[in-house]
Amino acid sequence: MENLLMEFISNTGFAMADYRHIIMITVGIIFIYLGIAKHYEPLLLVPIGFGILIGNIPVFKGLGLSLYESNSVLHYLYFGVTSGTYPCLIFLGIGAHTDFSTLLARPVLMLLGAAAQMGIFLTFLGALALGFAPKEAASIGIIGGADGPTAIFLSAKLAPHLIGPIAVAAYSYMALVPVIQPPIMRLLTTRKERLVRMEEPRVVSKREKIIFPVIGFLLCCFIAPAALPLLGMLFFGNLLRECMVAERLAHAARTSIIDTVTILLGITVGASTQADVFLTPQSVGIFALGAASFAVATASGLLFAKFMNLFLRKKINPLLGAAGVSAVPDSARVVQMVGQAEDPTNFLLMHAMAPNISGVIGSAIGAGILWSFLGG
Amino acid sequence: MYGLDAISAHNGWHMAALGISIVFTGLILLSFTVAQLHNILRLFDNRDAYYKRIRGLFKKNNNKQEVSDSDLSLSNNVKEAAGQCKLLIERIGEPFPLPRLIELSEKCGMSHPYSTINDLILAGFIVPDGKGYYVWNQDEQN
């Protein structure tokens, strides 16, 4: 009886926990707090935060409880992450959610989305310089795309052992867009530039909106075929939305499917951050490079907008460049916020959605390119 | 291996340069295509008029009468209606009030007189004289 009790006590979380579990549980609680109290990306931070709690309850091996045990329920759910299924389904939902009108009305703003992807490739170089293997460096670099599903997708393909830290870093920085971006935006633009007003976009016809996903898909995937899983779902979702004859499917994609997948993705990514695999010097490097990547991406977009203004007759507000990072729609909201801090009657949100959406396309192309370079 | 040596050893410079170039190329191509999309659709919508213009260019007989844009953009029905209206206007006399022309057109059994006369105004066959009346535009006819 006494032996049985002692054995039970030695198998409880209290007996098996060490300082690393406590650190990770604290991180999980902070995520939940930020999501609920501060409203920082609550749809992501709350599931990831709770997932971190799930993943860091100390359990003994062999019972099929841990996410990394092949017979556990969490392991089966995690398959959607490692196979790249969840990110693609999330892209389907994003496509079904997104109105491409602003992008179609002023296509030149797409270049800002391309410029912001410099963050991906500069961070890739930085990670290589810090001693990461090329596949790991590419997975870390993609954090600069500020696109959680893309970061998870590429990490799953190139460096599955880093999915946890990369996903947590990507989503943390996405949640912190309103904190990270404004100082960089103010530093790199003058007040006069921030006051620039954008001209009213032209009205886009329904036919253009229907044709765009087909043309966009064909063009992007012929250039970077490895981006097919992500861009295929993104443009398919958008076609469902715009074609008007598949409203039920579009509704399902932008509500029940994306919500279900977000829950599963958040919980399993959170649970993958088990203390013994997460708390490593590598993770610290990933977080540092992720922050740098985000800053570089924002700065690249801003500076490229200023460069474009050298050639454009009708100037664009350089703040729009910051929306080139693809954290949809948070970075566009930040552009609006910073623009309105200077002039409350200047509405930039609608215009910022164009580089924001092209940033999603650009980061998916970037991921496809890195996968095709290193996936062999 | 660390630093610039590591980047060079893993072919990092080339991958980064090529990667960003491909992203730019992709989005520039997409941007260019999208920018032309509404023009292509407009061309498609007016394809009959453009076919006519091209056929006109290749006509063998050197007919000195040039084909004007308004002729191309109007359908045969409207051109026929223009002929009818011209006769009616000659009957009413110029300048004429628009309701009178509509009334007469209805009496003469013209189909859809409101929209037909509207088409003729848009095409510049019937123009306001600036005093509340309308006149037949001889220049447009020629």
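Even glycines carry a Cβ here, placed using N, Cα and C.
Copied from TrEMBL, the annotated features are:
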- A:21-37: transmembrane segment (TRANSMEM)
- A:43-64: transmembrane segment (TRANSMEM)
- A:76-96: transmembrane segment (TRANSMEM)
- A:108-130: transmembrane segment (TRANSMEM)
- A:162-189: transmembrane segment (TRANSMEM)
- A:210-236: transmembrane segment (TRANSMEM)
- A:284-305: transmembrane segment (TRANSMEM)
- A:357-374: transmembrane segment (TRANSMEM)
Stretch-level contact, the transmembrane segment (A:162-189) and the transmembrane segment (A:357-374), CB cutoff 8 A, at least 3 pairs:
no
Can you work out which residues elsewhere in the same chain, 6+ from the ends of the transmembrane segment (A:284-305), have a Cβ less than 8 Å from its Cβ atoms?
111-113, 115-120, 122-123, 126-127, 130, 132, 140-141, 143-146, 162, 165-166, 169-170, 172-173, 180-181, 184-185, 188-189, 316-325, 331, 355, 359
Positions whose Cβ lies under 8 angstroms from the transmembrane segment (A:357-374), at least six residues beyond its ends:
91, 94, 98, 100, 102-103, 109-114, 116-117, 120-121, 124, 134-135, 138, 141-142, 145-147, 150, 153-154, 157-158, 216, 220, 223-228, 230-231, 234, 301, 323-326, 328, 331
